[in-house]
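For reference, the structure discussed in these notes is given below.
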Amino acid sequence: MKKGLTKDLILNHGSDVLGYGGVLLCVILFGILSQGRLFNAYNLRILIQAACVYAILSMGAIFIYSMGYMDISVGAQLGVYSIMLILISNKTGSLLLAFGAVLAISLVCGLINGYVAVMLGLPSIVTSIFLMSIFGGIQVIAMEKIGINSISIEANMDLFADVKFMIFVIAVIAIISVYLFRFTQLGEYVKSIGANETATEYAGISTTKWKVIAYIFFGICVAVAAFMLTARSGAAGKGTGTGYAMDIMVALLLGGMPLSGGMKAKISSSLIGAFTYVILSNGLTLAGVSVEVGYVIKALVFLAVILITCRKKDGVLPR
């Protein structure tokens, strides 16, 4: 009886143990290795500023990953949106207009990513590769046309770069995400699609509609993340957004999110994962680990978490 109870606890709450245990381990380990520098005021500010972008992206991405899908164009989108935001803001003098334009483009991309894939019967990764290529090209062409490697925003972004404001933004996005994920049909159906898409369709649910809505919400989160990234850095260039697609996937895994999606998906996974990943990256730097070795360590962590969370051969990777 006791053995069976323990097995049930592991199966039902294993992802929670992985997520909370992972962030606790990172805090303790790197707190020791950094000789306490992890906890000084300056470094905590850096952690929160970095985690803000990852948390926003992860909370949007979890709606996609819950369906067992993925979007690897997020990094390229982030780069283009940041450049657009700066160019429009510098030209018009209006941050509101610039963000509105970026938000509109992100909504269109969400429609394309979701609707076109469904209509053409393509795997989500195919359309995301298509968008990644387009946005990557736009990013390079835009910067080459300007003739410089990076551009700075002229507007005063101090308010938006403030740690208190970033915490506020994370909280607002988290409240909206939790509400949508736990108390609306959107959350219920994206998890249902991830668990069994065929059964969901047989139940009379329009999977196309909810896929598109999920991608649109993710697009909104990418636009907000681009704004916060610009506020943090004050500039954008050819390399802006590089690596974020893989970083988000790793963050979700570290938070205990199963890549195959389904009913075990939780918004908490995105928040825990985002902070765990940022602490891991920052902690490696403070511990004196080189960038090259850091990449290897992150890759090994990624592989280890996949092996721990994978339950079936056909559920390792998103569709």
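Cβ coordinates are placed from backbone N, Cα and C, and glycine is handled just like the others.
Annotations in TrEMBL come from automatic prediction, not curation.
The transmembrane segment annotation in TrEMBL covers 17-34 (among others). With a cut-off of 8 Å between Cβ atoms, the residues of this chain six or more beyond the transmembrane segment (17-34) that come close are 10, 254-256, 268-269, 272-273, 275-276, 279-280, 282-284, 286-287, 305, 308-309.
Taken from TrEMBL, the feature transmembrane segment covers 46-66 (among others).
Residues 57, 61, 94-95, 97-99, 101-102, 105-106, 109, 113, 125, 128-136, 138-139, 142-143, 151-153, 219, 222-223, 225-227, 229-230, 235-246, 248 of the same chain lie 6+ residues outside the transmembrane segment (72-88) yet bring a C-beta within less than 8 angstroms of a C-beta in it. Residues or ranges marked as transmembrane segment in TrEMBL: 72-88 (among others).
The transmembrane segment annotation in TrEMBL covers 95-116 (among others).
The transmembrane segment feature in TrEMBL is assigned to 122-142 (among others). Within its own chain, the transmembrane segment (122-142) has Cβ neighbours under 8 Å at 64, 69-73, 75-77, 79-80, 83, 87, 109, 112-113, 116, 238, 240-241, 245, 318-319, counting only residues six or more beyond its boundaries.
Residues or ranges marked as transmembrane segment in TrEMBL: 163-181 (among others). Same-chain residues lying 6 or more positions outside the transmembrane segment (163-181) and placing a CB less than 8 Å from one of its CB atoms are 45, 48-49, 51-52, 55-56, 59-60, 62-63, 66, 187, 217, 221, 224, 228, 265-267, 270-271.
Among the features that TrEMBL reports, transmembrane segment is placed at 212-231 (among others). Proximity of distant same-chain residues to the transmembrane segment (212-231), defined by a Cβ-Cβ separation under 8 Å and at least 6 residues beyond the stretch ends, is recorded for 52-53, 56-57, 59-61, 63-64, 66-67, 71, 74, 77-78, 81-82, 85-86, 99, 102-103, 105-107, 109-111, 113-115, 118, 153, 157, 160-161, 166, 169, 173, 180, 186, 190, 240-241.
Residues or ranges marked as transmembrane segment by TrEMBL: 243-263 (among others).
Positions annotated as transmembrane segment by TrEMBL: 283-310 (among others).
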Exercise for review: Report, as numbers and ranges, every residue of the chain located at least six residues beyond the transmembrane segment (283-310) whose Cβ falls under 8 Å of a Cβ in that stretch; write 'none' if there are none.
Suggested key: 14-15, 18, 26, 29-30, 33-34, 37-38, 43, 249-250, 253-254, 256, 258-260, 316
